[in-house]
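Down below is the structure, laid out as structure tokens.
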Amino acid sequence: MAAKEIIFSEKARSRMVHGVNLLANAVKATLGPKGRHVVLDKSFGSPIITKDGVSVAKEIELADKFENMGAQMLKEVASKTNDHAGDGTTTATVLAQALIREGCKAVAAGMNPMDLKRGIDKAVIAAVTELKKISKPTSDDKAIAQVATISANSDESIGNIIAEAMKKVGKEGVITIEEGTTLENELDVVEGMQFDRGYSSPYFINNQQSQIVELDNPYILLHDKKISSVRDLLTVLDAVAKESKPLLIVAEEVEGEALATLVVNNIRGIIKVCAVKAPGFGDRRKAMLEDMAVLTGGTVISEEVGLSLEKATTSHLGKAKKVRVSKENTTIIDGIGDNDAINGRVKQIKTQIEETTSDYDREKLQERVAKLAGGVAVIKVGAATEVEMKEKKARVDDALLATRAAVEEGVIPGGGVALIRAITAISNLKGANEDQTHGIQIALRAMEAPLREIVANAGEEPSVILNKVKEGKDNFGYNAATGEFGDMVNLGILDPTKVTRSALQNAASIAGLMITTEAMVAEAPKKDEPTPPAAGGGMGGMGGMDF
């Protein structure tokens with residue numbers, strides 16, 4: 001086992017804070033409408049230019065192991081916020097940096113780190129409650145477009161196209177993003193269905209860059225039981241292979257010998273195939289398989305209706321124009337099912353919605369209607385160069401996720417204003433002792449940081465703008481894009497409540513851990529072996545010769 005280097009207390013925290021500052025300073029340059037770009041070097045291909053906080057954070061790895069620990073923990077804040085809310089990574093990073101920096105200063109001054117953490121947690125819980133009070137539901141297309149525009153770094157064309165996509169497929173509909181072939185953004189709405197199950201084995205992946213499985217004009221086999229033996233599949237595999245078509249298998253489980261055989265055949269190129277676990281459980285799984293059968297014009301192979309897998313033929317299989325399978329989701333696009341049958345199925349489910357008394361069942365039935373009737377909207381991102389395309393696509397991804405978050409939990413005034421209003425509402429909060437109260441004050445000061453950073457990136461004096469915003473009420477704030485003050489909601493500057501809430505909670509979580517850190521352990525650097533002296537030149541007695 002390699003030797004370890006251990007550092008304690010103030011030395012440990014200062015090294016960690018230095019790492020946090022290095023990462024946060026690179027990320028926070030991107031915050032706000034006048035945030036700057038960051039250029040990321042790639043070992044292959046051209047550099048990437050981005051204003052996406054999480055993309056910057058993911059690239060940073062520091063040489064000093066102790067500083068790197070701090071940077072990696074801060075990176076976790078950005079990643080967690082991105083995974084949960086889809087946006088707010090830079091806000092979370094700015095909040096975490098402010099909490100960690102002030103918290104570690106207080107610990108160095110002799111305060112109890114555990115009480116500081118309790119104070120911060122108390123302030124965050126109160127602030128989140130206040131944010132929920134300020135939050136307004138997102139109902140109209142205009143609000144959706146505004147949220148998407150802000151998240152896409154004030155790009156109105158992206159905001160409008162996302163609002164249009166949501167209008168066409170519904171708020172529960174599926175929206176995917178692809179690279180376009182023109183300079184303009186385009187929107188295509190394709191009939192389709194998505195469910196939350198991915199490929200059974202990564203060996204099915206045929207698009208290495210995106211790490212997904214893409215099948216064009218595939219047959220679709222639907223089965224309600226486990227498939228373990230390859231013997232059951234031979235008839236279907238032979239028939240599909242003869243037609244040189246891909247095959248998607250959706251079953252309760254594909255395992256053992258059957259899965260191994262499919263993987264081998266796929267790798268050898270004998271048949272392009274992908275196996276996926278059927279969504280849902282029990283009766284709901286059967287119902288969803290029936291939905292897929294109606295959508296693709298196939299039949300569910302089930303012993304209950306007298307069909308066995310060994311006797312299945314291509315006439316029992318469904319068909320679709322395209323199937324896309326990722327690690328977590330499967331999307332069936334443009335199934336060849338009969339429109340009358342699909343409409344009949346939708347009516348049947350809507351009748352069940354009216355009759356059910358369970359909220360959970362109603363929600364699941366509504367999801368099924370959305371998947372059957374809503375279709376899939378495809379946003380094709382247009383750009384002049386590949387570098388611009390990648391940057392723009394990342395912004396569209398962010399905007400879409402932020403919009404979904406807004407639909408889920410509502411919106412609050414943007415530009416850091418909601419946090420300032422939350423500070424005002426909880427400014428009299430007190431802890432159980434002096435150190436806890438100081439922890440609360442640290443959290444309240446940290447909540448000013450996003451507004452300060454937005455203003456600083458716009459080239460203005462943060463303290464002056466902050467004081468003016470504090471003097472105002474409700475939605476009054478500062479529009480950094482135009483340099484004007486006004487009602488943030490009327491100006492269309494909105495943030496999803498879920499994004500700000502997640503950013504604050506994740507920042508406080510990591511900050512609490514760092515403030516209470518007392519020791520750090522890392523592998524000790526290896527000492528370089530002394531190099532042996534170089535051999536003498538020439539043979540003895542030949543010193544006078546010139547070579």
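All positions are counted from 1 along the displayed chain.
Cβ atoms are placed via backbone N, Cα and C, with glycine included.
Features reported for this protein in Swiss-Prot:
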BINDING   30-33, Lys51, 87-91, Gly415, 479-481, Asp495  ATP binding site
REGION    524-547  region 'Disordered'
COMPBIAS  535-547  compositional bias 'Gly residues'
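A map of Swiss-Prot features onto the structure.
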residue	record	contacts (Cβ under 8 Å, 6+ apart)
Thr30	ATP binding site	Arg36, His37, Val38, Thr50, Lys51, Asp52, Gly53, Val56, Thr90
Gly32	ATP binding site	Gly415, Glu453, Ile454, Val455, Asn457, Ala458, Ala480
Gly88	ATP binding site	Thr81, Asn82, Ala402, Asp495, Val499, Thr500, Ser502, Ala503
Most Cβ neighbours inside 10 Å, all chains, among the binding-site residues Gly415, Asp495: Asp495
Other C-beta atoms that fall within 10 angstroms of the C-beta of Thr90 (ATP binding site): 28
Fewest other Cβ within 10 angstroms of its own Cβ, chosen from the binding-site residues Lys51, Ala480: Lys51
